[in-house]
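Remarks on the structure that follows.
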């Protein structure tokens with residue numbers, strides 16, 4: 001009797017293989033929903049990434065949605081100038097032109113939240129005049145010594161446009177607007193065959209205890225670090241360096257028992273501000289073991305190695321990207337690369353590669 005496989009056996013084997021492949025495909029379908037957790041210290045750029053996803057994958061902002069950002073942008077702009085003027089008092093920096101004192105009073109008279117369809121003309125004029133004052137400029141250069149919104153310069157430079165009665169926020173205006181995230185916000189979008197549910201959680205220390213609710217079945221963690229903050233102190237604790245806080249937080253996330261099998265993507269963000277700062281604020285002043293001077297590539301390598309070296313699990317790969325979260329073209333490219341990483345991870349976890 002021959003030892004070859006019978007037709008019936010061959011058909012049975014083929015059926016088994018088809019069933020196994022179908023099970024793998026079903027498993028893959030279950031994994032087509034990607035739960036992505038956005039983590040990072042306060043003001044690292046998490047909310048900006050969410051806004052970019054809306055611009056890139058959801059057709060952007062409607063006119064009504066843009067209108068809704070006006071009051072936030074007005075408030076950000078006025079509040080930023082107020083912060084500088086208060087810092088001038090504590091740093092004992094005088095105005096160059098004493099006539100601008102009138103404009104200082106105009107800014108201080110404004111409420112914390114600016115309401116209305118347009119910025120009052122006297123407020124726009126006050127900010128424009130003060131931004132030209134050499135004393136204000138000197139204080140701005142020392143902004144690492146106090147807590148100033150990243151978008152301050154952008155809005156001050158655009159004040160003439162923002163103060164127009166028919167002003168409508170642009171994509172860039174919206175991206176740079178800042179509202180502190182409290183609680184958990186979710187954004188859903190589709191890239192190819194994958195549905196992403198992206199969760200943004202508050203980055204300030206007081207918000208971190210709420211993260212635990214997001215941890216179950218997380219596919220990927222997108223961890224953001226504002227590398228431009230190497231010379232700044234925490235908003236919540238002005239004895240702690242912001243970069244050191246980010247390193248401590250990344251260590252706890254990367255090596256957490258919750259995330260043993262979770263892929264981690266690290267965005268080293270705000271490279272534009274980082275590049276501007278390096279020549280004027282030596283990194284060695286804050287990280288004494290750094291030897292690269294003002295060299296941008298050397299500084300990037302140093303920071304990258306500081307974060308990646310915290311990973312204690314040999315089998316866990318950290319995927320890294322240097323980013324500028326307000327640059328839509330770059331974020332579109334980077335998120336396409338992230339999508340490819342997640343597809344490969346899915347195939348591997350489902351046993352298809």
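The chain as shown is numbered from 1 upward.
Every residue, even glycine, has its Cβ placed from backbone N, Cα and C.
Keep in mind the model is a prediction, meaning the values are calculated, not measured.
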Region 'G3 motif' range according to Swiss-Prot, out of 196-205, 206-215, 216-225: 196-205
Swiss-Prot annotation (region 'G2 motif') - matching range among 155-163, 164-172, 173-181: 173-181
Residue, out of the binding-site residues 43, 150, 272, whose Cβ gathers the largest set of other Cβ atoms within 10 Å: 43
47, 181, 269 as binding-site residues, winner by CB count within 10 A: 269
Counts of helix, strand and coil residues, the region 'G1 motif' (35-48), according to DSSP: 3 helix, 6 strand, 5 coil
Mean predicted confidence [pLDDT] for the region 'G2 motif' (173-181): 91
